[in-house]
Amino acid sequence: MASNDQTELNKAEKSVIEQESDSEFEEENEDWDDWGEDDDNDGGENDKPFMCLFLDSQFSSCSELFEHCRLAHKFDFDGIRKELGLDFYGSFKLINYVRSQVAENRCWSCGLACQSHQDIQNHVHETVKLKDIKPLWDDDKYLKPFMQDDPLLYSFNEDEEGEDNHMTLDDQEELMRDLRNIDEMCIEDTDTLEKSAHGYGVNGAKEVASTSSSHENVGNSSKMEMVNGDSEERVGSSDGKPSDKHSKVSLMNLVDKDIKKANANYFGAYSSFGIHREMISDKVRMDAYSQAILKNPSLMTGAVVMDVGCGTGILSLFAAKTGASRVIAIEASEKMASVATQIAKENGLWRCTEGNNQYTGVMEVVQGMVEEIDKSIQIKPHSVDVLLSEWMGYCLLYETMLSSVLFARDKWLKPGGAILPDTASIYAAGFGKGGTSLPFWEEVYGFNMSCVGKELVQDAAKFPIVDVVDEKDLVTDAVLLQTFDLATMKPDEVDFTASIELEPKSICLANNSTELTSKTTWCYGVVLWFDTGFTPRFCKETPSVLSTSPYTPKTHWSQTIFTFLEPIAMAPGKPYVDKSAAVGTDACPASRIHLRISIARAVEHHRSIDISIETSGVDLDGRKRCWPVQIFNLS
């Protein structure tokens, strides 16, 4: 058996020598290869060679590479995976760990530090007690590819069949596409990375499950949400295009609970620039914040400003431009903190007096969760004049970012200091048939496909929908559900229960008066949206409002739709009704719909929110009909 292994080793070493001897020929033909690749779009990454984990040798397949590593370097990748039961992510980390150790001339298994690269190659031995050394690479930092565009990371799992993998092939391919873009997305700043090396978190407020400021962590769970008339595994616009901010988080919801933490850390560290472009391109959002910051000089000039969840740092840049004396930008994402630092430097606004580099601006970026930044920076309690944050999520409270803002307010904001925005309100209105997918399916190139629409509406009663609702599709007047005073509210007031009544929409007459119609309308559900206010309490020169209402230009928040178990007939003053008929039917329309709505932070997934809706219809005589309570989860 030993002689056979030696023969195989000789063959493997001969293969390496032959490959290295051909390198000069390959270099001479490199230009021709590049020219050929331009003509063949099917080449690309799949044709890239696989680099040995220990040498500069190249191989044409994963199996060939791993066989070489087993024989020449005593590294049995497949055997290690099998013995330790490593899943996809554990194997991914192992590859990056080994590459990182070899680069430091350190033995990946025993930890011996060698003097040279040749010494580490000569230090070959069998691996023992694998379970004891497994914790060495069981660190989320090894989810970051060590070698730029390493094709081995995208291919080591592709030949496996019949395994009980947690992820489908399509899911793995989607993740691989994200991983291939990591280095293109990453802008690393040395100062910021040095802070992160001391163990500060990379996820938390405004991480991958965020919809605000960094908008990384919005759920696109096939369990939780659905788009009208579109795939059940998308949340996005009514035209069927999935929203960029959901593209990565949808993958996280497909894997088991034991992988979710690693996924959250990973995507929290490497968020997509497309998410930030979406937010910065939101004119309603940017106009409200820029007006509040740039057009209130009496508030901002000379102020110490804190920006919680700064993302690219755009709000901090506004504050610095307006004349703030110091701007503390806090960002949980390691990558985005580095990006914000780079942007501040390039715009001459970075503040740093350490080392030889002297930056005389006013803006500094702190990487970490706001609840934990004491580890990296000392800020005097109650020393901040203005607290900024774009914390709002879908249905206002998704992501529960508000709790972090209130934490910062209570710890650092001066008594009487300003918080922007300082008010937030949630509104509700009933929507009709036009707010569902029914009209689309009722006439498709002359054919009636309403059976599809009806099924979709039934399914929609189980899941919240994030989409844009046209004001013409609202069948009731809007009512205020809940309001928050961010300057005074307590953290436990984020969760709430409120009761409202929806009444049929008033008709505006030519003389600007209104009247109610006795015509029966059908209410298919309730839609929620929010406004945030930058009120004259703090913005004395120029107050502003950010509204996500159906009556105003659309925003990237859209609205949040909750469909009833069945449509409810409404008519305010229909004189002839069937008293024996059920309230809310065409024979006995409801004059109003009573709703009791509760919104609370989810227990299992703290970035999610649970919404319960208790619905009852009331007719003119006070007769009431109640429907079963509906429980929704926005995740």
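The backbone N, Cα and C atoms fix where each Cβ goes, and this holds for glycine too.
The feature region 'Disordered' is assigned by TrEMBL to 1-41 (among others).
As annotated by TrEMBL, compositional bias 'Basic and acidic residues' applies to 8-17 (among others).
Residues or ranges marked as compositional bias 'Acidic residues' in TrEMBL: 19-41.
The domain 'ZN622/Rei1/Reh1 zinc finger C2H2-type' annotation in TrEMBL covers 52-126.
The feature region 'Disordered' is assigned by TrEMBL to 206-249 (among others).
As annotated by TrEMBL, compositional bias 'Polar residues' applies to 209-223.
Here TrEMBL flags 231-247 (among others) as compositional bias 'Basic and acidic residues'.
Among the features that TrEMBL reports, domain 'Methyltransferase' is placed at 305-417.
Per TrEMBL, the feature domain 'Protein arginine N-methyltransferase' maps to 422-571. Taken together, the residues of the domain 'Protein arginine N-methyltransferase' (422-571) have an average pLDDT of 92.
Per-class residue totals from DSSP over the domain 'ZN622/Rei1/Reh1 zinc finger C2H2-type' (52-126), listed helix then strand then coil: 41 helix, 4 strand, 30 coil. Secondary structure of the domain 'Protein arginine N-methyltransferase' (422-571), assigned with DSSP and counted as helix (H, G, I), strand (E, B) and coil, comes to 25 helix, 65 strand, 60 coil.
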